[in-house]
């Protein structure tokens with residue numbers, strides 16, 4: 001009896017387009033749908049009411065799911081647009097000479113170059129005074145543990161060498177930069193020259209990492225060596241730039257020797273002459289079919305240039321002058 005009375009009340013409310021508060025609902029177009037809904041409820045009895053309750057509880061949530069997803073995607077799209085355009089910073093499309101897209105973010109096409117492989121590799125600065133001898137003996141002493149640890153694993157040796165070789169240019173460039181700011185003086189281009197050297201050595205390392213996958217203990221060794229060498233060279237450069245540059249010059253001479261031995265093993269077949277990494281081909285403008293031997297050849301030439309620059313810088317200091325008084329070899333990789 002009560003169910004019949006309730007059905008009649010609901011039917012009249014739906015047909016008249018009113019809600020539970022007595023307010024009239026939106027449109028009369030809903031009335032046929034409401035009438036059909038009411039007939040189903042009455043015909044189904046208790047089951048009909050359960051079906052109606054379940055539908056009202058489930059349908060709105062299901063309808064909201066795609067809307068939430070759309071709102072989320074829209075917010076994400078708006079956020080990405082804001083992040084890339086709000087500050088007005090956007091990278092222009094960079095292409096190679098053949099029109100293909102440039103794949104690297106770490107350097108641009110105008111920073112690539114062809115290394116001068118005809119440079120004299122046999123040059124050696126003969127120690128002339130006590131400080132020169134100290135620098136020379138220090139480098140020879142540092143070579144002993146390197147030979148014992150790496151032996152003829154020249155790929156791993158080169159990786160370790162480049163983590164050290166990239167430090168002096170950064171330290172020297174940084175200290176000259178601070179000196180220029182402190183004394184209101186030009187650097188003579190030496191800040192740029194030394195930072196270019198550091199960047200060039202870093203690219204050597206990025207290339208070697210593509211060829212040699214360092215083990216966990218080698219990574220740990222790199223961490224320790226870099227921490228010790230950076231701080232030691234920082235203090236040395238403050239105390240005596242002439243000795244610091246002379247040590248780097250002798251380090252580069254050792255690097256030339258190591259890469260020469262590397263090439264001997266490549267030529268003898270002891271080390272496989274694998275294809276050159278893509279980053280090396282683009283950085284040194286090598287042929288597309290370049291091999292590892294070509295990469296080691298250009299890296300060795302770079303080390304010879306760094307040898308000349310640092311011995312030259314040390315000679316300037318030994319003559320009692322400052323670096324800014326002599327023209328810096330900018331772009332001299």
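The backbone N, Cα and C atoms fix where each Cβ goes, glycine too.
Here is what Swiss-Prot says about this protein:
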BINDING   162, 201, 204, 303  Fe cation 1 binding site
BINDING   201, 252, 303, 306  Fe cation 2 binding site
TRANSMEM  158-178  transmembrane segment
TRANSMEM  220-240  transmembrane segment
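When the alpha carbons of residue 201 (Fe cation 1 binding site) and residue 306 (Fe cation 2 binding site) are compared, the span between them is 9 angstrom. Same-chain residues lying 6 or more positions outside the transmembrane segment (158-178) and placing a CB less than 8 Å from one of its CB atoms are 146, 150, 187, 190-199, 201-202, 204-205, 208-209, 212, 214, 218, 221-222, 225-226, 229-230, 233-234, 237-238, 241, 244-245, 248, 251-252, 255, 258-259, 262, 299, 303, 306, 310, 323. Looking at 162, 201, 252, 303, the binding-site residues in this record, the fewest other C-beta atoms within 10 angstroms of the C-beta turn up around 162. Ranked by Cα separation from residue 252 (Fe cation 2 binding site), the binding-site residues 162, 204, 303 are led by 303.
When other Cβ atoms within 10 Å of the Cβ of residue 306 (Fe cation 2 binding site) are tallied across all protein chains shown, the result is 25.
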